[in-house]
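Report on the following structure.
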Amino acid sequence: MPARRIMPCLDVRGGRVVKGVRFRAHVDCGAIEDLARRYRDEGADELVFYDIGASPAGRSVDLDWVGRVARVLDIPFCVAGGIDSVAKARAVLRAGADKVSVNTPALMRPDLIDELADAFGVQCVVVGIDSTREADGEWRLRSHTGDAERMRAPGRRMLDWLLEVQARGAGEVVLNCIDSDGVRRGYDLAQLAAARALCRVPLIASGGAGTIAHFVDAFARADVDGALAAGAFHDGSVRIPVLKRSLGLHGVEVRDAA
Amino acid sequence: MNVAIVDTGAGNIGALQAALQRLGAEGRLVTEAAALADAERVLLPGVGAAGAAMATLRANGLTEALRRLEVPLLGICLGMQLLFERSREGEVETLGLLPGTVAPLPPAPALRLPHTGWSRLHRRGDDPLLEGVADGAWAYFVHGYAAPVGADCVAEAEHGERFAAAVRRGRIAGTQFHPERSGLAGARILQSFLKGWDR
């Protein structure tokens, strides 16, 4: 079993890192490369960049910053945002990203997952899933979540989609739990545990981290392979070296920060 | 130094070029055999499927050029797997520069596949490829297939079972992990490759 991964997530809009609360009200958090450098030095295991303006605006990621990030980082990073074809994915990987993550474009056209897995291997293909608990108690998908005005509800059950994306060639799944996103009351452990039971590929928790205890819970109680967070890292309320020491003390194996 | 990066048509070549730049070297993309003639170091990266990568190499006349090479060659990830004789992935014949067959990591309950993330390197012996890399150092892996721990294995790792994480035989070396994405340990391995080996 590899070390459990700590993954800062950088939402990128207009060439800057921003952060929203429940996918709304974005505030500026700094320059992309500065944050990439900071997290690299603090011992992050992987970085995830979401070009959150891309899918709603119908455009793909701007490759220029991908190349700049690739030059700065000696840890892996994943890029998401409007990647809806093998050609676009190839351009992002060529610019220096290690993986691509698809969310809305995969929901619009599920064959995209198969095509990416065929072209680059499943290890390059991350599928992001945005999901919320509806009134009947079922977790269902949301798409176009980069822009609250355009968010849509395709009506599908999260667990059904989770099985489908694995069958199609997802090599990793990031489960963004919308109800807990940005409010820092902890990851949605019930939803993550339900997903874990059906997920054979690495599963990454996303949405809700505010304290070190939240990370401990996600690994110890939902058995996720990685935990993604944004705001709690950006504002310094959770420091990665402290977080990793604490996880180690709780018996969660993590990579020693260099 | 003239460092050639063989283009297998897929993957994060930009990451590898950036890692070489951090070490003061330039990696030049090579798509055909003639361009390997004056290379002093050759990198064979690659992600994706063994069959597709071998087809690309064959179509560009690169399989024979790689077999005849007389300078240090480092295969990374799928590139390391291609150094062996065969891959169970599509049952394809690969370059045959090292003895052995690449096989899938065996599924087991609660074992996540592909093997994705940071795992420890366990050194076997004292190979110059791993100069400055501590036993137990972390390296970044993303793969579903692996080569067995054989005579050329200089570091092993474990995911369900032990497999060859790094190999070297003379001028031929390989890492199953991504040195360009493995922090300081990875940088040291690339440095060792650029320096070359005299045994």
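Backbone N, Cα and C define each Cβ position, glycine as well.
Look at TrEMBL and you will find B:5-194 tagged as domain 'Glutamine amidotransferase'.
Within 10 Å of the C-beta of B:Cys77 (active site, nucleophile) we count 28 further C-beta atoms, all protein chains included. Positions annotated as active site, nucleophile by TrEMBL: B:Cys77.
Annotation comment: TrEMBL describes B:His178 (among others) as active site. B:His178 (active site) carries neither a helix nor a strand DSSP state and counts as coil. Residues within less than 8 Å, Cβ to Cβ, of B:His178 (active site) and separated from it by at least 6 positions along the same chain comprise B:Ala15, B:Ile76, B:Cys77, B:Ala139, B:Tyr140, B:Phe141, B:Val142, B:Gly186.
Sequence-distant contacts of B:Glu180 (active site), defined as residues of its own chain at least six apart whose C-beta falls under 8 angstroms from its C-beta, comprise B:Asn12, B:Ala15, B:Leu16, B:Ala18, B:Ala19, B:Ile76, B:Gly186, B:Leu190. Among the features that TrEMBL reports, active site is placed at B:Glu180 (among others).
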